[in-house]
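Pulled from Swiss-Prot, these are the features on record:
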type: REPEAT; residues: 225-265; note: repeat 'WD 1'
type: REPEAT; residues: 305-346; note: repeat 'WD 2'
type: REPEAT; residues: 347-386; note: repeat 'WD 3'
type: REPEAT; residues: 389-433; note: repeat 'WD 4'
type: REGION; residues: 448-481; note: region 'Disordered'
type: COMPBIAS; residues: 461-479; note: compositional bias 'Polar residues'
type: REPEAT; residues: 505-542; note: repeat 'WD 5'
type: REGION; residues: 537-573; note: region 'Disordered'
type: COMPBIAS; residues: 547-564; note: compositional bias 'Low complexity'
């Protein structure tokens with residue numbers, strides 16, 4: 001007997017006066033709560049009845065709801081504190097003739113995937129549901145409106161958040177068994193008739209999807225390059241075709257959306273026995289270089305960072321550096337154009353989960369299983385402060401570019417404790433703990449100012465210093481020895497930053513956070529997409545850092561009581 005198909009619908013609610021966010025510049029009011037419908041399991045998938053919590057059988061990886069937002073014609077550009085660059089980073093793979101763009105006959109016309117997802121006979125796609133008035137809705141909408149793409153279990157939805165019927169998806173794709181864990185839109189190729197999206201699945205397969213034409217292509221099909229789940233995926237800045245995907249087996253791969261797949265064999269035949277033996281301890285093992293002349297098929301490049309899961313990565317605003325966080329508790333800063341790891345930092349304990357860059361590229365913020373956020377300085381290559389306020393794992397962190405200027409930075413974080421926290425910091429606000437200051441006065445040596453690496457906290461012994469003074473060679477394995485492994489900075493010597501706002505915003509873990517010009521958005525494990533309107537005052541004005549500057553706790557014990565939190569109302573009314 002056939003299993004009946006159960007249709008589920010999204011639900012939107014408009015709480016009145018519920019869950020306001022009180023900050024120095026005003027009150028953020030909860031506009032709406034869009035609850036995405038969780039699709040039932042595919043009929044061919046056997047339900048798990050009374051699972052044994054002690055079972056060692058691995059379960060399919062899942063993620064909470066993540067959003068990819070895109071606006072075809074935004075009214076204003078996202079503000080950036082990045083100074084005018086005199087030197088622009090070259091494109092990834094620049095100098096390799098095998099990656100030179102091939103001129104096309106169609107000129108500026110965007111290439112689309114070849115297969116129609118609605119008429120697809122692939123067993124990978126279960127069914128596609130399109131809105132009956134999708135064409136009319138697209139024609140009538142403003143190009144300034146916001147599109148959102150969201151994953152929830154085996155479903156992937158295309159939403160128009162500027163529509164009065166925002167709860168009704170333009171398209172809902174149901175996959176057979178695979179869950180889409182991550183996705184990203186290409187800002188460079190977007191137009192009123194074209195949007196490029198890549199999404200990574202729990203099966204390792206990657207989908208290149210163009211929603212306007214409902215065309216798609218399958219990349220890394222059946223795990224031909226890597227059969228490990230895709231944990232994070234992003235388009236490479238400035239590229240129309242190339243995107244980077246992190247796999248759960250510790251591999252970072254660069255794919256071309258228009259290249260075919262082929263059975264992958266690591267290109268390590270030219271490496272010496274000593275290099276192969278040493279590769280296990282090195283922070284980057286190049287299985288295929290972007291400089292390889294073999295570029296007829298995917299991947300364009302493939303790197304092995306560790307045997308543990310890569311949780312997240314983020315590109316720097318100058319499009320040269322890559323910050324990668326792993327389940328082994330490390331933050332690795334790469335010059336991905338040169339395929340080199342520059343620095344390796346460690347968490348206080350536990351794995352790292354999320355990472356982001358400040359708009360000016362000077363700071364990196366990470367969050368992890370130690371319930372802390374950590375601010376790292378890229379120019380100084382050191383920790384700046386630890387941020388204490390979460391009661392569980394930190395799942396996402398993001399800067400608010402509309403609240404950042406040359407002196408003050410605003411960022412937010414969400415976690416498994418169902419909380420949304422907002423943070424303000426400036427370098428002048430941070431003070432070293434008294435214990436550290438006393439010991440610092442006894443130092444007789446002066447830190448030289450003619451090097452940006454003078455403030456690095458690193459051991460002096462040769463065994464802990466991985467940076468070599470010998471001349472670099474072209475061998476990628478040998479260049480990996482240049483990475484500096486920084487020791488963990490004791491909590492007693494690290495400034496502690498409290499949040500300016502802490503709020504429980506739901507009853508299930510929050511897993512994504514985004515800032516827009518007029519709102520703050522979050523999404524949760526069970527599919528709640530919440531939107532808070534910003535205060536009505538002009539948000540384009542320069543931020544007055546005196547409006548909500550918290551007192552900085554830098555207790556030598558590291559406990560650091562966090563005071564002044566707007567947390568009196570932790571419930572949802």
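Each Cβ is built from the backbone N, Cα and C atoms, and glycine gets one as well.
If you look at the repeat 'WD 5' (505-542), the same-chain residues 6 or more away from its ends with a CB under 8 A from one of its CBs are 19, 21, 23, 25-38, 63-67, 69, 74-76, 78-79, 146, 148, 150, 152, 161, 392, 395-403, 405, 412-420, 572.
Note on the repeat 'WD 4' (389-433): its mean pLDDT in the predicted model is 92. For the repeat 'WD 4' (389-433), the DSSP-based tally of helix, strand and coil residues reads 6 helix, 20 strand, 19 coil. DSSP places the residues of the repeat 'WD 2' (305-346) in helix, strand and coil in these numbers: 0 helix, 25 strand, 17 coil.
Here the repeat 'WD 1' (225-265) is broken down by DSSP into helix, strand and coil counts: 0 helix, 19 strand, 22 coil. Each residue in the repeat 'WD 3' (347-386) gets a DSSP state, and the totals come to 0 helix, 23 strand, 17 coil.
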